[in-house]
Amino acid sequence: MQDVLLQVQAVSKSYHDGDVTTQVLTEVDLQVFKGEQLAIVGTSGSGKSTLLHIMGTLDKPSAGKVLLAGEDLYQVSSARQAQIRNQDLGFIYQFHHLLPEFSALENVAMPAFIQGTDRAQAQADAKMLLERVGLGHRMSHIPAELSGGERQRVAIARALINKPKLVLADEPTGNLDAKSGEAVYELIRELANQLGTAFVVVTHDPKLAARMDRQLTMKNGYLQAVAEHAQ
């Protein structure tokens with residue numbers, strides 16, 4: 001029996017603009033298991049990115065619960081939420097959001113510095129991760145000196161620096177060419193298998209999603225289907 005890491009229970013999300021209400025998510029239920037690779041697919045506006053943001057405490061649900069390792073993420077203080085984001089969750093975005101004036105090594109180590117990890121240890125961990133993602137020779141380079149695929153690899157290493165339980169990735173290959181996107185997806189799968197970290201990946205590409213352990217389809221704010229993929 002698989003261990004449940006994250007539970008989304010009857011989550012809905014709506015936005016209000018005067019008398020107009022826009023329903024983005026409607027009573028979504030799902031589970032993420034420890035160490036699994038889960039894809040969420042759907043067209044633009046289907047609600048998949050909003051769901052990911054709610055899972056990561058970046059946006060608050062209008063109704064429902066989100067539990068990480070049994071802890072209700074929306075019944076804790078904002079300080080505790082920030083701690084969870086830094087220690088237990090990792091984030092990867094379509095655009096890398098690296099700090100432009102810092103080297104690859106410094107960018108990867110930054111979340112560890114924020115957590116209070118000893119500087120030497122944080123840099124050693126960052127070096128190990130950069131070597132693991134194939135950038136051991138590019139550690140001193142700033143983002144402007146790296147290719148798009150290399151910058152996204154730095155972002156993946158940064159997401160893993162604090163050994164999170166779960167990494168949330170929003171269109172991580174959306175800004176890359178096909179070859180670089182393929183390499184990033186293979187890297188995510190490899191690291192998930194090696195480190196035992198769970199990944200939830202939002203993507204518009206069904207071919208790439210089909211390589212994950214499971215695939216969820218979002219349509220008009222509803223969870224439509226769950227596809228199990230043979231390993």
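The backbone N, Cα and C atoms fix where each Cβ goes, glycine too.
Keep in mind that what you see is a predicted model, and the values were worked out from it rather than measured.
Over in Swiss-Prot, the protein carries these features:
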- 6-231: domain 'ABC transporter' (DOMAIN)
- GLY42, THR43, SER44, GLY45, SER46, GLY47, LYS48, SER49: ATP binding site (BINDING)
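Sequence features annotated in Swiss-Prot and their locations in the structure.
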residue: GLY42; record: ATP binding site; Cβ contacts under 8 Å, 6 or more apart: LYS48, HIS204, THR217, MET218, LYS219
residue: THR43; record: ATP binding site; Cβ contacts under 8 Å, 6 or more apart: HIS204, LYS219
residue: SER44; record: ATP binding site; Cβ contacts under 8 Å, 6 or more apart: HIS204
residue: GLY45; record: ATP binding site; Cβ contacts under 8 Å, 6 or more apart: none
residue: SER46; record: ATP binding site; Cβ contacts under 8 Å, 6 or more apart: MET218, LYS219, ASN220, GLY221
residue: GLY47; record: ATP binding site; Cβ contacts under 8 Å, 6 or more apart: LYS13, VAL24, LEU25, VAL28, MET218, ASN220, GLY221, TYR222
residue: SER49; record: ATP binding site; Cβ contacts under 8 Å, 6 or more apart: ASP170, GLU171, VAL202
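As a whole-number mean, the pLDDT of the domain 'ABC transporter' (6-231) in this prediction is 86. Annotation note: THR43 (ATP binding site) sits in a coil segment as assigned by DSSP. Listed in sequence order, the residues MET218 complete the 8 Å Cβ shell around the ATP site centroid, once GLY42, THR43, SER44, GLY45, SER46, GLY47, LYS48, SER49 themselves are left out.
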